[in-house]
Structure formats: structure tokens, C-alpha cells
Amino acid sequence: TSTNGIKTSKYNPFTFLPLNLFEQFQRIANAYFLFLLVLQVIPQISSLSWFTTVVPLVLVLTVTAAKDATDDLVSKPVPPLQTFNLNNLFPVLRLRSEKWMDVQVGDIIKLENNQFVTADLLLLSSSEPLNLVYIETAELDGETNLKVRQALTVTGDLGEDVEKLADFNGERFRMEEDVTHFLFLFFGFAGPETKLMQNCGKSTFKRTSIDRLMNVLVLCIFGFLAFMCVILAIGNCLWELKAGSQFTVFLPRQDGNSAGFSAFLTFWSYVIILNTVVPISLYVSVEIIRLGNSFYIDWDRKMYHPRNDTPAEARTTTLNEELGQIKYVFSDKTGTLTQNIMTFNKCSINGKSYGDVFDYAGQRLDITEHTDPVDFSFNPLADPRFVFHDHALVEAVKLENPEVHAFFRLLALCHTVMAEEKKEGELSYQAQSPDEGALVTAARNFGFVFRSRTPDSVSIVEMGEQRRYELLAILDFNNVRKRMSVIVRSPEGKLRLYCKGADTIVYERLHQSCGKLMDVTTEHMNEFAGEGLRTLALAYRDLDQEYFSQWKQRHHEVSTSLDDRDGRLDELYEEIETDLQLLGATAIEDKLQDGVPQTIEQLAKADIKVWVLTGDKQETAENIGYSCNLLREEMNEVFVLSGNSPEDVRRELRSEHVGTEQEGCGRPSSPPGKRGKVLPDEAVNGEYGLVVNGHSLGYPLERSMELDFLRTACMCKAVICCRVTPLQKAQVVELVEEYKQAVTLAIGDGANDVSMIKAAHIGVGISGQEGMQAVLSSDYSFAQFRFLQRLLLVHGRWSYLRMCKFLRYFFYKNFTFTFVHFWYAFFCGFSAQTVYDEWFITLYNLVYTALPVLGMSLFDQDVNDKWSFQHPELYLPGQLNLYFSKKAFFKCALHSCYSSLVLFFIPYAAMHDTVRADGKDVADYQSFALLTQTCLLFTVTIQLGLEMSYWTAVNTLFVVGSLVMYFAVTFTMYSNGMFLALPSAFPFVGTARNSLNQPNIWLTILLTSILCVLPVVTCRFLFIQLCPTINDKVRQAKTKDPPLPRRARIRRTSSRRSGYAFSHAQGYGDLVTSGRFLRRPAPSRSSGLAHAGRSTTSFSPMGRSAGYSPTGRPQNAKVQDVEVTSLQMYRSVRDPAL
Amino acid sequence: MAKQAPDFANRPDNTAFTQQRLPAWQPMLSAGIVIPGFVLIGLAFIGIGVALLVTSQSIQVFEMDYTGVGNNHPCFHCSDPKPKPCVCKLNFTIDFFLKGPVFFYYGLSNYFQNYRKYSVSKDDDQLSGNLKNFESPSDTCSPYQRDNNKPIVPCGSIANSMFNDTFKLYQNVNATMKPVNFDGKGIAWWTDYNIKYRNPDTTPLRNAFNNTVKPIFWPVPAYELDPKDPANNGFINQNFLVWMRTAALPDFRKLYARINDPPYAEGLPAGSYMLEIQYNYPVLAFGGTKKVVFSNVSWMGGKNDFLGIAYLVIGTLCVLMSIVMLIVYAKFKFPEED
């Protein structure tokens, strides 16, 4: 029988060794060393002892295996499955407690309040009215708000009747945690088939561009190795023909070996000797460095968010240096740029603006944490989290200013919020959108407390006095109307219509008498909008009973009619919402996360392009674009792409091209679809922004137009795509990846960002909230968007720098090491004689040079973090791949070539025919080997010192320690004791003592090392003087402390008028007023489950200022990106195809 | 303003290491360091170079080729490998006082002691006196491992190809040949004849060589290499040790003897000499040459002008470069403030 257990680990203790070894040997480098090992055991070929390969290979395999094992142990924290008990209702009509892992598909389950759910379920019935359940899907998609799910009438009516439920034969549905008392569920998918597992299924293995480059380089190196070996083999052949054949007297030669055969053997012998050009320890070292740099990210206090105790986390340890090369950042909006907290900040009531704080001189003060908040203690029902600073408004309320009272009464009545009062006086609201919640909470604090509602009444506490308003009609919000109204009868019997909506819409419907008030209010609203606040205009109208009864009658007729009901309803609403009296306006702040504008400014300075991809409306998105500094007033133009057909979009794209005054702006004549084509960056005069609408975005993402689109988009400083689906998010990212040879980063917090996070080279998840989905599929996670600048500008830059320095130096030291063999070949009859002692060859990479270079790659920083922030331009070299490229690699090789020539020929010439000071031999092979290897080690160490720009004590310890280690190991291996123990393993006995006490040996070492380094110093110095890079300049300047960054508050003087505060879907007016289910046709959405990755929110809790989430988690809740209500969504799920 | 801090369980440690704030020295290639550095290095190198060159110039070397190429060369008759043994006498005149102690070297050229298969063709265990390896020499010695199924001791190419010319030097004093004593000891490394090469403990030494054969090219077995001094036989014969310390490069010289017996310990006076060579070792076959060298030494070893010249050249270049840098620095002075 199949089990529901989900398995995410790769190994078990028994399979680990074979599986891991198998995997490791699939790596080309490891396989190559295995091959070398085979070569080395062939006596005719073996030019080195077996241990020279075995020791490094074993070490590398061990380190990698250890890392793999730990990775496997800690990988993928999937929600635990086995630990929860639940009541499992079997078709045999018994309720039984089961573990989740034992539940089978087809079981019917009874869940109780606050139980976890780990499978896809279909809701059958619930204890709540209307068979509603509230579920939280945080574990699935990161959204903390409660979502409404409703059972079908058919099943809902079955209630708790177990027998009937057992007869049920239906479809499936996905459920999560509920706050309902109990519910019955039908068990749909289990185990690996759950949506969760299907969704997080295949994450592609990400590689960095350096990785890819390294693979190419390693192939090149293989080619080069073969080339060198061929040359040496040819040399051997010639030598054999010319000299060797005569030298046979003294050489141990078997008969019948032709020169050709000898050359063949020599080729393989040299493959063994020169193998160090393909450094086996490279990969391991790279992994260690990345791991180290990942730890720095985990450890960084400046990326730790104390409010929810969340440190940054590098979830992938293989992508670090790519963080230093980001060119495009794709960001989600809600929860990433914004906190999804709406705060009631300001308002304008009857021509008077409230919300600003003035000092005695009448100067406007900035509101800081120290500004005195308004004391709401007069109101026992006030929400303590609500903060307001303008005392004038409270005074006005207390003075019973009628307009102010009407204003707040409207806010308390005109909404679709649900109130829950678990204990007396402890209210919590469930609002459909955070804006609405903010308004109702504001009214609550100012003494107009929305207490409860029934389908036909609303109870509020007005200045301590309980009043019940009869709710006669809700004229609900929708996207066309952009307003909502309620018609209520006050306890006194007065009929009144309250309306709130977008200013333009409301203004059209005002009574002429409001003209003057309109002007003042408009001015205020402009002011609010300039500060990036969202505004709503509020108005009311007194109705007379007769007119209303008549209207109500018609309303009833229309509601029950069958054809074009919605259209006719709208007309009817239109009719009654006229001659309104303006009350004022509210201003709600869609709170940005801390430091977002500054971060975006910094990223822009670092030439990182930020694209915002959001599910929000164009207007909202644009607004946020302005308020977070992405779009700016001073931009030459902000294009809007909102065509509804391919032709429109194409025309819009074309016209924008003209707008950018591209000279010779040739059409992309090359047929698009040519894969691998790279679109070059184009020079643009002026700054442009681009706003793309979701339905238009579909067209440019098609093959025929994507180049046009990309060209336009990339010429713009900022791009905002609104109303995009998760799939489109990923498509946009892929489009940029495909045509721009640029590194992309996607940052988001919700399940709708997962596709984008997976598609981008680097995915970043905003963590610290309940949601795990984005974080689970991300490579890095942290709590705040502003940490992105530290991740990129500091950690990324350092990682890139360190990795590049490491690679350059590593190749340098290995090439230098190896090339000396090549030169020596010309003096030893191409006989594959090594220049160095075999032990030195074994230990060179592992012991003598490993730690210094690791130290450099773990500690180096050209400039510290403060300077990195001060000069975001420092980030540019990474984007341009300047520090490690094919060119840089080639330079390394040339440098090595020079060094190796010096390293061979200086000792050669210095030792030629010379003797010790006592006349004895010092030009023998062993002394020469010792001399050359010592020269080499000094040279590469000094070179390392030149590379290192940040000498910590650890670095000094490593460098000096390695040199000391070299001499210690050398003297030990060349000691009498070692030789006596194993004569054939340590034949170099005495060499160190006999040659290193000679002054001319040391003079040779000095000469060689200095000669290797001098040209480098000269070149660098001259380059710094003649064409200094930005790094040189900053390094030069950094001897002083960086000037403190100005933390000037960004004041926008915007003339833009923001949109209305509703950003949400069709309202819940119907649900509120109806006692029965909705009977609206389901919208033609393809499939509910297919969209389930997107949020389908209904009631979302609000933020801190008005936080009343039933789960007590007020922050960063998520607004819905999609306009399908959960009820509609639910209907669409009933697609029988499922 | 913060609410009651929850507990910061996950807060990273605030250490200089985790926050990457380790104190560090951050050197830069600034003009203030580089230019004076170059001048200093340059001057130091010029000083060292002068000292080395002067020392090297003071070393006296006298060398003669005796390969025997050319009809009129006294060793010509010996260059044909057939008649053996062959003795040739080389008369020469030293027209300066060759200050002692004088070292006598033989030199070979185009001789690839560093050829890999040659240089590994020995058995270190056998040479350190391990009797087990007398019976069965290591495979590395192949093809000089066994001769007629008997183990060769010492086995291998290096030993087999041991240089076996012998030299005797006479000073021609008033037409009488006055022998100049060669001291064939103290020419090998102390570690070689005390640690690395040891005879088996067997006494007499020859017993250890029972059931073994001498290397094919050798006229005498190892235990009879020095008939005069029984202690200089077997694997610790110093000429053998010198030969076994294979040369790094194809042209090499090896110490044959020291001249440290009075009256020549002070040096070889100017005058005419005669070198009697027992010419055994064939080199013409592979285009090699043989030579003998009389030389004295200094603190820096044998004569080698290269090191001194290299130091001088590089020192000069350093000074020149520092001037160039100074000019560049003065002209294109990199703006200190941005």
C-alpha cells in the first residue's frame, strides 16, 4: 500500500557511500583524477607515485561527501507530516483517531479548530453558518490572512450526519488550517500528490555564471594540457631519434621500443605530471569559499530583523558570487516593497485638513517616533495599536462637530467588514481589504465603533452610546463603479445614503452646492497624493422615505430578473447615488517597508534595474512606484502599455521607440526566436519609465514581439508590470535572462512569487512571516526588502570579489607550478621528469598554499561595507564581469608563463656548474628540485600578499604558518629518521640541510621571488596612476572615514493624484446581506486549482495600526492579487474535469 | 519604542569575525611605498650584485676538455672504445697561482642523468644496506636488476653507468714528474655516506655480496672500488656516492678529488703539469664531452657570474623603473580627493 509519507532526503546511511561516490565521480574533475590514478599504476607511464593523486583525491572526496551528507540532513524543511492526530471518519461510520500518514485517499476527515492539514482536502460541511470555514494557508503560500472557503449547499446541508457524509461521492478540494469549530472534509490528494509537493517539485539546479565560465575554462585547460603533452611527446620523439638512440649505453632501455612508442608513453606520462593545471582542489575550495561567504550572510547582524527575530539566511550556498553581478531585480510589491499595512494618516473634513502636526510657530513637523500620539483613553473600545498624531481631530470629535461626526459615522457604517467580539470589548475585524479595515479602525478609535452586524443591521457605538442602524441596502464596490454606498435608517428613522469612493467618481455625483468645499478638498487631496497617500472621497445623501421605497421596489425587481441583471443594477445604483453632499476625504498610507526608497535609489546608483511585477492594479502599482522612488517626477516620460490587442501593443511599443529618439532605431529585423541572441544595451538619452498592464503583457511575451518589448523595457530606468500572473512573472524573468546576458534576481514573499523566484538566477524570499512557500524555493531569505542592498552591495560584491581573486590566484599558482615542468622537459630529454619532490607535488595544493588563499577568499575586502554603500558604483565591475573572465584568465596564464620561466631559468643559470662553499655538489637533481620548489613557494606567497588587500591576523597566521609549515614538513621529510623508516619513500634525505645552508641558494631564492613580483607591482602601480578604477579611487579615499550618509527624508512634491483606496475585488455586500448562498454565475476562470498558487484572499487581517488578525499576527499580511473572490473561486473548483 | 523585546534567540553574534570587522592592515600600492621600495630594492640588489660579481671573478678556474676529438688530441687514441684500458697523458701549463684549496672536478656534457627512467633506476633499500634487496633488487632497477638470474648489486642504471675514468696529476718540476696527491675523500655529502648509503653489517664486506654479481659495466665489484682504503668501499665509496647524486641538468661537473696535501694545500703553483688519465668512459657515442676542472671556491661556492650579473641588471632596472614611476606619478598624479 502506498504511504502518505513524503520523502525529501536523498540518501540513507547504507546507500550514502556508493551513491555519493557515484555522484561525485560524475563530476568531470573527479572522474579525470580517477583516470589519472589508473594511468599511474601503469609502470611504463607512471611518472609520479600513486600517492600524489590519491591523497588529494581522497581528501576532496571526503570533504565533498561530508558537505553532501550535512546538506542532505538539513535539507528542505517540509512541514512535518507524521505528528498530528486527527479524527478520521472511515466509510465504516466510525470516528477514529489517525495519523496523517495513515489517511488514505477517499477518507472523510473531521478536523477541529486550529488543526494542521497536510493534504489536499474537499470541504463537505462545517459548524459555521453558511458552511463557511476560515483557513490559513501560510505554510503553503505565505499568506497570513484567513481565507474563506464555503461548502456546497448539497454537502453543507448534510451537517454532522455521519452516515450521509459517508455516502458522499464527490470531488476534491484543498484545505488548510481552520478557525472553525469543526468541519468535515473529504480527503483528496495525499503524500507526494499534494499541491505542496507538486508545486515545490522540480527546482532547477542553479549554477552561477562563474560556474559556467569555469566549465568552459576547464575544457580549455584540458585542451591546453593535451596541447602541451603533444608538444612534449613530439619533443620526446625527436629527442629519441637524435640523442636518445645514441645515449642507450647508459639508459635502461628495453629493446624494440621505437621513438614513436616512446613518444606515446611520454604523452601519457606528461598528462600525469601536468595534471595540476586541472586543479582538483579547485572545486572543493570554491565550495568552501561559498560556504564561508554564505555563513557571513547568516551571521550578519545588519540583516537581522529584531522585530520578528529573523536573521538572513543563505539557503543555497552555491550562488554567492552571483550576488555581486546582479543586473536586474524583479520585485514583488505587496509584502516586499510595502508592508501591506494601511494606516489612516490624514483626512480632510469639511474643508479642514487633519493629520499634520505643527509646532507653536505654525511650522509643520515631521512625525517621528517621538511625536506625541493622540490619547484615545476616552474610548474604552479603542484599538491600542492605532496611532494618530493630530490632536485637533480628537478635539473636533469631542466638541461634537457634526461634520466630523458624520464623517466617522460614515466610516463606521459604509463597509463590508465583519466584526468578532470574543470577549466584551475585545473587538477584532475581518476586513476584505486592509484599506477598509484601516478606515473602520480609525472610526473606532475616534469614537464610532463598529460593533456587529446582521444581514439587515449595523450596530455601532457612537461616542459611548450604542446605536443600531437598519441596513437597507449595500451598493457594493466593483471596479467600474469604484465606489460603495450603504443606505441606512438611523435609530431616529432618518434615511441616509453613505458613499465612499474614488474622488473623480464621487465628484461627478456631488450636489452643486458643494462647489467651494470641493475646491478645498481637492487641494487637500492633492497634498495627500503628493505624499503618496491613497485618497477616498466621502459623501452622503439624505433620502426621503417615499423615493427610497420606490427605488427599493425597482431594486427588488431587478435583483430577481434574469437578463442583464448586473447592468441594470448598476444603472439603478447610479440613479440613487446622485446629489451627494461632500463630507471630506481620507488619506491612507500604504506603508512601505522601511528603507525601500533609499534601497531602490542605491540599487539604481549601482546600475541595477528594478522591475516591479505585481498583481496589483495599474493605479496602485504606479502609486507605489512613485512613492518608493522608482518612478520619478523628473523622468522624461512614463510610458504606459495597456493595449488590448496585439496590434495596439505593437503600436504602443513602436511609438515609444520613437519617443526615446533612438537614432537609427532599426526594427529588430532579425527574426526573433533565434535563441541565444544577446540584445546589447542601448544608450538612452533621458530617463524613462514603463508601466505595463497585465493584459497587455501577454502580447509582448509572445515570440513575435518580445524583442520589441524587451528593447523598450530595457531602455527604461524603471519598469512596472501590474496585474501579472505568477506565470507571467516567470516569463518576464526568463525573457530578460534569455536575451540579456545579465544576472537576474527575483524577490518576493508569497506563493505567487515562487515561479519568478525559481526562474531567476537568484531568488530571494522575504522571511519572518508565516509564509514559507517563497522562502522555501528561494536561495536567500531575509526579513526586509532593504536588506537587499546589503546583500548585493556588500555581501554580493565581496563574494564576487573574493571568488574572482581566488580563481585568478588559484589558476596562477597552479599554472606556474605546472609550467616549470614544461620548461624542464627541454633539459631532461622530455622524459617526464618532475622538477619537484613528489611530496611537494602532493602537498603543494593541499597544505602549502591552501590556507593562505582560503584566508584571502574568506576575509578579503577591498573597501569596507560603509564605503560600499557610499559608492554603489563599486558594484559595476561585477555586472560587467570584469574581475574574472576569459580575458582575465588569459592574463593569469600569461603571468604564470612569465613566472614559470623565471622560476626555472634563474635557478638553472644560478646553479649551473656551481658547487657548495666546500666544493661539494649542489647542482644535483635533488638540490635543484628543492631550490625550485622553495622559489615557487616564496613567489606564490608573495604574489598572494600582493593580491590581498585586507590582512587580518588570521591571514598573517595562514601565510606565515604555511611557509613555516613548508620548512617544517620539508626538513622532517628530508630527515634521517624518515629515511631510515622508509628509505624508498623519502630519498631526499639530507638535501635540505646540505643546500639550504648555502648563501647562493638563498640569494637565488630572493632574486627569483623578487623578479617574479616586480613587473606585477610596476604594472599595477602604473595602472593605478594612469587609469585608476573606481576601486582605486575609493581605496585611496578610504583612509578617511566615510562621511555619514545623509538620511534626508525624501520629500516628494508630486502633482500626481493617487488613486482610490480600494485595491480589492468585488465586495462582499451580497454575502453580508444575504442569508443564503450567492447565486452568481462563476466567472470563466479556467481552473481553480491551477490558480491556487495565487492568493485568493477574502478577508484579510490588517496591519499593526489596525491589526486585529484572529491569529494575532498583525504584520505584513498579504493583499489579494487576484480578483476572484473565494466564493467564485470555490465555484470554479467544481470543474468536473478535476 | 520597541515593544517588550521578544527573545532574540536567532540574533547573530556580534563578533568582529561574524560581522567581518576583523581589524586588518590594508596595504595599498601607493607612491609613498612603491617608489622608495623600488629604489631601496634596486640599491640593495646592485650592492649584492657587485659583491657576487667580485667574488665570482676572484674564483680561479682551469678546465680542459679531454674527450679526445681531433687527431692531435693526446686522448684521441683512447676515444675509440675498443682498446681498453687506455691511458692518455695530458700536458698543460697553469700560468697563475691557483690558490688552494683546489678542487678537481670531472665534467660531462650532453649526459642525461636527469632522464626519468635513468634517475629512478636504483634501489634505495638495497643501497641502504638491506640484505633482502641484495637477493631481490627492486623492479625499478630494471633492466639492470639481474644478470644471468643473479641479482646485480648495486643494481640499476645509475650505478651501472658509474664514471670510471681515473686521474693522476703530476707537476713537472725540472722535468721530474712530482705527483700531486688527490684526496678522494670528503667529496660526498655527509648525509650520503652516513645515512643514505650504508653497507650491510656483514664482515668482511664481500660476504654480503655472495650470490650477487657486479654491475655489468663495472670492472670490479663494489667492495673493491678503493683498493687502498677498505673503509671507502661498497656503497659508501665516495666516488660512487658522488655519481649516485644525479645531476639536475645534462651538463654537469662532479667532484673527483680535493688537493689538500702539502705542499699543494696552499694551491697549485704556476707551472706545467701532466694529467694521466685512464680513459674508460665512452661519451662520444652520444655526442657527449668530458672535461676536467681545477677550481677553488668562495663563500658563494663555485664560479658563477650569472647571479652577480642578474642582481646588477635587476637592481639597475629597479632604479630606472622607480624614476619612470616618479615621472608618471608627478605628471598624472592621481587625484587624492574625489
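Numbering starts at 1 and runs along the chain as displayed.
Just so it is clear, glycine is given a Cβ too, placed from its N, Cα and C backbone atoms.
Because TrEMBL annotations are produced automatically, they should be read as predictions rather than curated entries.
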Site co-member for ATP according to TrEMBL, given A:Asp332, A:Lys333, A:Thr334, A:Glu436, A:Lys500, A:Arg534, A:Thr614, A:Gly615, A:Asp616, A:Arg723, A:Lys729, A:Asn752, A:Asp753, out of A:Phe448, A:Phe477, A:Phe548, A:Phe709: A:Phe477
Inter-residue Cα distance where the pair is A:Asp332 (active site, 4-aspartylphosphate intermediate) and A:Gly615 (ATP binding site), in Å: 8
Stretch-averaged pLDDT - the domain 'P-type ATPase C-terminal' (A:775-1028): 92
Sparsest Cβ surroundings (other CB atoms within 10 Å) among the binding-site residues A:Arg534, A:Arg723: A:Arg723
Stretch contact, the transmembrane segment (A:216-241) with the transmembrane segment (A:928-946), Cβ-Cβ under 8 Å, 3+ pairs: no
Interface present between the transmembrane segment (A:839-859) and the transmembrane segment (A:48-66) (three or more C-beta pairs under 8 A): yes
Residue pair A:Asn752 (ATP binding site), A:Asp332 (active site, 4-aspartylphosphate intermediate) - Cα distance, angstrom, rounded: 9
Distance, A:Arg723 (ATP binding site) to A:Asp753 (Mg(2+) binding site) (CA atoms, angstrom): 13
Surrounding CB atoms that lie within 10 Å of the CB of A:Asp753 (Mg(2+) binding site), all protein chains: 38
Interface-richest range of A:839-859, A:888-908, A:928-946, A:958-981, A:1001-1023 toward the transmembrane segment (A:806-827), CB pairs under 8 Å: A:888-908
Maximum Cβ pairs under 8 Å to the transmembrane segment (A:928-946) - stretch from the list A:839-859, A:888-908, A:1001-1023: A:1001-1023
Those recorded positions of A:Asp332, A:Phe477, A:Arg534, A:Arg723 having Cα within 10 angstroms of A:Asp749 (Mg(2+) binding site): A:Asp332
Cβ-Cβ neighbours of A:Asn752 (ATP binding site) (radius 10 Å): 31
Where A:Asp749 (Mg(2+) binding site) falls in three-state DSSP terms: coil
